[in-house]
Amino acid sequence: MRSEKSLTLAAPGEVRGPEGEQQDAGEFQEAEGGGGCCSSERLVINISGLRYETQLRTLSLFPDTLLGDPGRRVRFFDPLRNEYFFDRNRPSFDAILYYYQSGGRLRRPVNVPLDIFMEEIRFYQLGDEALAAFREDEGCLPEGGEDEKPLPSQPFQRQVWLLFEYPESSGPARGIAIVSVLVILISIVIFCLETLPQFRADGRGGSNEGSGTRMSPASRGSHEEEDEDEDSYAFPGSIPSGGLGTGGTSSFSTLGGSFFTDPFFLVETLCIVWFTFELLVRFSACPSKAAFFRNIMNIIDLVAIFPYFITLGTELVQRHEQQPVSGGSGQNRQQAMSLAILRVIRLVRVFRIFKLSRHSKGLQILGKTLQASMRELGLLIFFLFIGVILFSSAVYFAEADDVDSLFPSIPDAFWWAVVTMTTVGYGDMYPMTVGGKIVGSLCAIAGVLTIALPVPVIVSNFNYFYHRETEQEEQGQYTHVTCGQPTPDLKATDNGLGKPDFAEASRERRSSYLPTPHRAYAEKRMLTEV
């Protein structure tokens, strides 16, 4: 039976070896972690009661890590049991030890959550390169610059920037965030309500009745179709239908200022005033103008307000340049083109709903999850594309002999393949033959399997960002100092290193491993003092 070497405690300032000779802490570190015959010796590592045994030369492959550096791991040594004790996660240490044994291969155990395993990587100080490689293998976004948010150098600009950009920074900032959310919701409600038939009918009916223009039944049908397209996007009465009639006069004078006195237009104007004011204030106070326009949320703010000004400018131009229509088709085509362009521009207003993500942590987590899962989503779309081509072709040839087939061509069958693989099944197109039904069954099964494959990866990314966000909120309540190496100031515990004798003996040796404040914390403290 192998006898284990042990150390006995002596007077403060000295350590006795296995033969009883006196050693100081420095001599003990050299004997324990030095080269020569000692490098083939084995040491015992206790992880929360689970003992591991490995060779010193295995750990010395990575001397810049916690276990590979004798000076760093000595603070965890228990001389009574002749082992290193770590009160850490036990399942994670299997992968940590395998990292040393395999020469740098880091694989997370399936029963260990991602955030816990990353904490273990940081604790054992495997290095930034190992952490970055692990995050890339897990499909997570690379760290760097996300947690350290720059602030303006001027005190006034800093206060304004915190007021409009960080709602959690103060009470007034939360009030401004609440006002912004209410304005966004009002704008979205107005965007939906103005398309109701009763509101669209008021503007259309008023212009037709007031214009005094009589149209033939044939021309009335065509112009009513144009009016429906017009009212589907424009403000009530913004482009009157009387102006499009043959032989009629412009109805702008008849309507007077209906466009500028419409309740929807007035509420929309108030919302745009707030959006513009908020955007200009944030732009003037931002620390970097170039980074301001690279932010996707600021681009959404611009997209949310420019349709209003384009529509307003078009309306003003038409009010000043509208001429009586003499029945020419060129004027009608120009009007139709203007209506189509404005309809698309007005559709952009729906993107205002994404402004809510600035004030919602949940939407931000969802956006980061989708960004981190772009590779899996791309594979999903690629597999769906292959399935659509395959099954649409198969169902077309399976139904080719049926005279009542609903699949006249392969492109027409694309729609059926998409709704079948996504398990929607509208029922507007369906196979009738036995072969077509078999193809449809296989298409549905393939769609379920294809969609289910990337779901675990997406869920894992969502859990990672969710736990990281909650941890940041909890850590933000405390003063946190990070350091590259552990602090030697230990209190008395049950292990040997916690004993006053051994701590006193190795204090001078470990004085070089004192922690230094993290750069981000130092900058934050300077800003607080200012």
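Going from the start of the chain as shown, residues are counted 1 onward.
Using the three backbone atoms N, Cα and C, a Cβ is placed for every residue, glycine included.
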Range annotated as motif 'Selectivity filter' in Swiss-Prot, from 39-44, 423-428, 489-494, 513-518: 423-428
For the region 'S4-S5 linker' (361-374), the mean pLDDT of the predicted model: 86
Per-state residue totals over the motif 'Selectivity filter' (423-428) - DSSP helix, strand, coil: 0 helix, 0 strand, 6 coil
Secondary structure content of the region 'S4-S5 linker' (361-374), with strand meaning DSSP E or B: 13 helix, 0 strand, 1 coil
Positions whose Cβ lies under 8 angstroms from the motif 'Selectivity filter' (423-428), at least six residues beyond its ends: 444, 447-448, 451
